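First the structure, in the form of structure tokens, and then the observations on it.
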Amino acid sequence: MKSKLKLHGFNNLTKTLSFNIYDICYAETPQDQQAYVEYINSVYDAERLTRILTDVVDIIGANILNIARQDYDPQGASVTILISEQPVTPTESQIEESPGPLPETILAHLDKSHITVHTYPEIHPVDGIATFRVDIDVSTCGVISPLKALNYLIHKFESDIVTVDYRVRGFTRDVEGKKHFIDHEINSIQNYLSEDTRNGYQMTDVNVYQENLFHTKMLLKQFELDNYLFGDATSNLSPEQREQVTAKVKHEMLEIFYGRNVAV
């Protein structure tokens, strides 16, 4: 077993895991499209996103400093959680009998370690293809690894397409003064995914090892059209229409996966 690296002082490495998670569906009528946006806004509102991120904090073994969250009109939500590696000791101002901070001041002492999430519901103006995007950033400073949150987040959002970026920045020193620009072995983000996740997705890596930069794209392998239909489309489509919608949805997924417009 490899021995732990002895450090001089605090571990100053910053590890950041960034997700772009996409969920695709087809909503045939304008009424269904509006209903889809309202559904997403209710299912993934700021309160539920806070619960999900709180679970992430527990998974990576961190401690919550502060939470700020917001639902947006007409659509979308965001949550920011500041975290620390060590348990937080209450300050005198926190335990004395005095008014607490105003909402506007809650993020005044921004910490290096944080988790953020933003949601972006979107609908094609003509084709009825609806895309729900979730952007998540987990940034930690010290020995805490954000990679522990991978499987949980991918499954929690029932992801069709996922792009994941992981980078390590800064350096820390050992007791002899030697710099270390990464404190763990990693060849691919895929190594941190469970077997069922790896089997369920088509995956592509683009890694720049010398820069401690790792990138993985994921596309769900199994396609069942009924899982992508919303509203009237779940029962009103003819076999020919189902075939057309299947082509539209798959085309949308491929464009997002490859990150460019693809000719039909």
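Here the Cβ of each residue, glycine as well, is placed from N, Cα and C on the backbone.
Its Cβ taken as reference, S113 (pyruvic acid (Ser)) is surrounded by 25 other Cβ atoms within 10 Å in the chains shown. In the three-state DSSP reading, S113 (pyruvic acid (Ser)) counts as coil. The pyruvic acid (Ser) annotation in Swiss-Prot covers S113.
For S113, the entry in Swiss-Prot reads active site, schiff-base intermediate with substrate.
Taken from Swiss-Prot, the feature active site, proton acceptor covers H118. The Cβ neighbour count for H118 (active site, proton acceptor), using a 10 Å radius and every protein chain shown, is 17.
Among the features that Swiss-Prot reports, active site, proton donor is placed at C141. Under the three-state DSSP scheme, C141 (active site, proton donor) falls in the strand class. The local packing around C141 (active site, proton donor), expressed as other Cβ atoms within 10 Å of its Cβ over all shown chains, amounts to 21.
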